[in-house]
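Here is what TrEMBL says about this protein:
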- 55-75: transmembrane segment (TRANSMEM)
- 87-105: transmembrane segment (TRANSMEM)
- 111-128: transmembrane segment (TRANSMEM)
Amino acid sequence: QFLTRLTERFVLGVDMFVETLWKVWTDLLDVFGLDVSSLPQHFSPAAVAGSPARALLLVGVVLLAYWFLSLALGVTSSLLHVLFGRFFWIARVVLFSMSCVYVLHKHEGEPESAVLPLCFVVAVYFMTGPMGSCWRGGPGGPGVEEKLEHLESQVRLLNIRLNKVLESLERANGK
């Protein structure tokens with residue numbers, strides 16, 4: 001009973017979040033002068049094949065959508081890092097599982113249509129993981145370059161210590 005109500009509230013919350021993102025996206029496209037209601041007919045394969053300008057516009061819209069989605073994902077991830085701190089990974093796993101439940105709940109009778117959204121959820125899960133933060137530089141943490149410099153200094157220190165040990169062994173064998 002509790003899990004059912006929790007799932008329903010989560011699904012409702014995600015629906016409201018997606019509607020908000022869609023509203024912001026359509027407003028953004030309206031600012032650029034694109035009519036959202038006619039987008040499917042402008043970007044059909046036949047329309048794009050016949051007009052290079054439409055193909056270029058499609059590429060621009062896809063890049064803009066990717067930027068907008070990555071921006072929203074980055075803000076959400078940073079917000080979760082701030083809210084949960086060290087327990088971010090637990091929150092990430094819980095959100096991943098709830099997102100899978102959401103997708104399966106939305107596509108209850110048609111499992112074929114749930115494949116693409118589940119792939120998207122898995123991609124977002126991996127993009128917010130350790131490798132995702134490694135490529136982004138991580139909030140507040142050292143970047144890849146700083147980590148490599150630290151490792152190089154550690155290797156130099158180990159080489160110096162190894163040389164000292166070898167010298168002391170040679171002196172002990174020489175006596």
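In case you wondered, yes, glycine gets a Cβ from its N, Cα and C as well.
Long-range contacts of the transmembrane segment (111-128) within its own chain (CB-CB distance under 8 A, at least 6 residues past either end) are made by residues 73, 77, 92, 96, 99-100, 103-104. Listed as Cβ neighbours of the transmembrane segment (87-105) (distance under 8 Å, sequence separation of 6 or more from its ends, same chain) are residues 7, 10-11, 14, 80-81, 114, 117-118, 121, 124-125, 128-129.
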